[in-house]
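S.K.: One structure, as structure tokens, below. Some questions next.
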């Protein structure tokens, strides 16, 4: 059933993520651990030489270094940097909070600041995630419109689609074009190119102004745009820059555009990962589970089989996607997110777009049925699942 398919998909994804983390840990440990050991040996040697030269005890020096670490956490550095908690510094901090980047170079030190951060971040992060979702809707709408226009031009050049838009010999082609949507892989490629262009342009700005290498600037862009936010490299931290106002504005715009593009790219990639998991489950279920079920039911001849048990041969990736509507999520969403105005003003909606993305990832169109008409919008993944379920309700109402 649907519950068993969801559980199997969840377990398989959890196992793959754990394996992915184990492989990543092994690679990073092999790459970074030798450098860490060399740096520790050099530091111990310098510490020993310093204590001998100045006739200091090791304990006193370590106590002084601990005090410096505490000052560093509070924002004090050896080199002159701008105040962390003036208005511009605080604005930069709240930007990293609501965008979930969290560089960590600035953190509240007072109890009042920590308490306020909890409530401020709760509302701010939720609002920003909603903004990213709405941005993704409009971005996919624009991409679908542009690619559909290009596809229409190609059909007109080939003579399949009439130039005056009248229905003639190509009536079937015109009907099929009405529901045409681009492939998920094209959308993913476009988002990859857009993210790369923004990162390269931002790196060209950071390299001369911040004094980083171009590779470090690209590294900072990915860490910041993906909201990982290690904090080893942070932009706009010096006291003065050339064209300081223009640079801070450009820094804000690049981070905003980069986060939006990378967030959208993550959502589209998650669709591809989901379809890959469904394909793996289908291959695993084809033989093993079918044999086990036949043995089980043959051994219990007098058992009453439930009427809603589906034959395993009828289970496919597509039926799993169709039956994935989360009715509880639809009830909980209520009227909080109303998309009727958006659907009325846009010919190509995000929900229809994501439905087609799932179809093209599977390799064939959906088979329309009463169940699919109600759950046709249930292909959303990630943070867009509840919104897509709400779109399903609005679509059914219309």
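Note that Cβ sites are derived from N, Cα and C of the backbone, with glycine treated the same way.
Heads up, here are the entries from TrEMBL:
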- 12-33: transmembrane segment (TRANSMEM)
- 33-60: coiled coil (COILED)
- 68-139: domain 'Potassium channel' (DOMAIN)
- 90-111: transmembrane segment (TRANSMEM)
- 117-147: transmembrane segment (TRANSMEM)
- 184-206: transmembrane segment (TRANSMEM)
- 189-274: domain 'Potassium channel' (DOMAIN)
- 212-234: transmembrane segment (TRANSMEM)
- 246-266: transmembrane segment (TRANSMEM)
S.K.: With contact taken as 3 or more Cβ pairs under 8 angstroms (pairs 6 or more apart in sequence), are the transmembrane segment (246-266) and the transmembrane segment (117-147) in contact?
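M.R.: Per Cβ check, the transmembrane segment (246-266) touches the transmembrane segment (117-147).
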S.K.: In the domain 'Potassium channel' (189-274), how many residues does DSSP put in helix, strand and coil?
M.R.: 65 helix, 0 strand, 21 coil
